[in-house]
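Written below as structure tokens is the structure these notes are about.
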């Protein structure tokens with residue numbers, strides 16, 4: 001048996017016989033094979049070891065391949081995460097930009113809305129102011145037209161007085177004879193005198209001749225009527241008529257009266273028999289029913305004046321009232337001309353102005369109707 005074992009160990013293995021997988025183990029396993037041939041006991045143990053080694057090698061290979069696959073998947077996941085982080089960052093920047101643009105747009109819209117509201121309020125305030133001014137002008141014009149009609153219409157429609165109504169005469173025969181009184185102040189005495197005066201007695205006709213210088217100044221003023229006393233027409237009347245007519249003993253009060261007459265804020269009203277001086281100033285400055293506040297002389301005062309809305313009344317004598325009324329009649333008439341209410345020939349308007357200047361001159365000299 002030993003001889004046969006040696007022979008088998010020296011002879012190469014026959015075709016189809018099992019060869020060991022690993023050379024290092026073949027040398028060790030050949031005796032075992034001999035042992036198997038000899039005894040047949042070690043064959044199951046070698047097969048089991050071979051299976052275990054195969055399982056170990058396959059598990060190592062699987063583990064390595066699994067590790068490699070997991071590493072690849074990890075790299076892919078990391079790349080995807082980086083891409084998603086970049087996308088999130090880009091979207092975050094887009095969102096911030098959109099939010100900033102939205103805030104700017106909202107702020108600009110609110111600013112524009114506030115600007116439009118301010119402009120609308122400004123336009124509304126201006127329109128309301130213009131409306132109030134227009135209504136005030138309309139009321140003033142209506143009052144002046146009413147006063148004009150009251151002064152002009154001094155006779156009944158059935159028997160009009162042609163001397164008092166020049167519009168009923170031909171332009172060559174008559175002129176504007178009645179003065180245009182101010183509302184609530186100036187010419188009530190003229191109206192009452194005209195309404196209660198008897199029929200005019202025939203008098204001799206007065207001769208009139210137009211002064212070329214005065215008429216030229218009036219024509220120049222009529223082209224662009226104004227109340228500015230710097231023009232030659234009004235400057236002459238101020239120097240020759242208005243100034244002397246309103247030059248009273250009480251200089252300070254005279255200046256206030258002149259300003260009130262120019263601004264059309266002077267009020268003249270009759271004094272009741274039981275009236276007493278009213279106002280904030282002293283009674284000596286206001287005068288009284290027996291003392292004129294403008295001249296300072298003891299006179300019976302039937303009227304009193306108020307300058308604007310001051311609430312202070314000043315008692316005036318009939319002579320002072322005639323002087324103030326004459327000046328007020330003149331200013332009222334030129335205001336009507338300026339506002340386009342007088343529809344007459346230029347020459348007729350000129351003669352009416354001359355008549356009003358004559359009234360101022362007579363009042364300054366002390367002539368006044370007895371009704372005052």
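Placement of Cβ uses the backbone N, Cα and C atoms for every residue, glycine included.
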Out of 1-57, 58-114, which range is noted as region 'Disordered' by TrEMBL? 1-57
Which residue range, 156-203, 204-251, is the one TrEMBL calls region 'Disordered'? 156-203
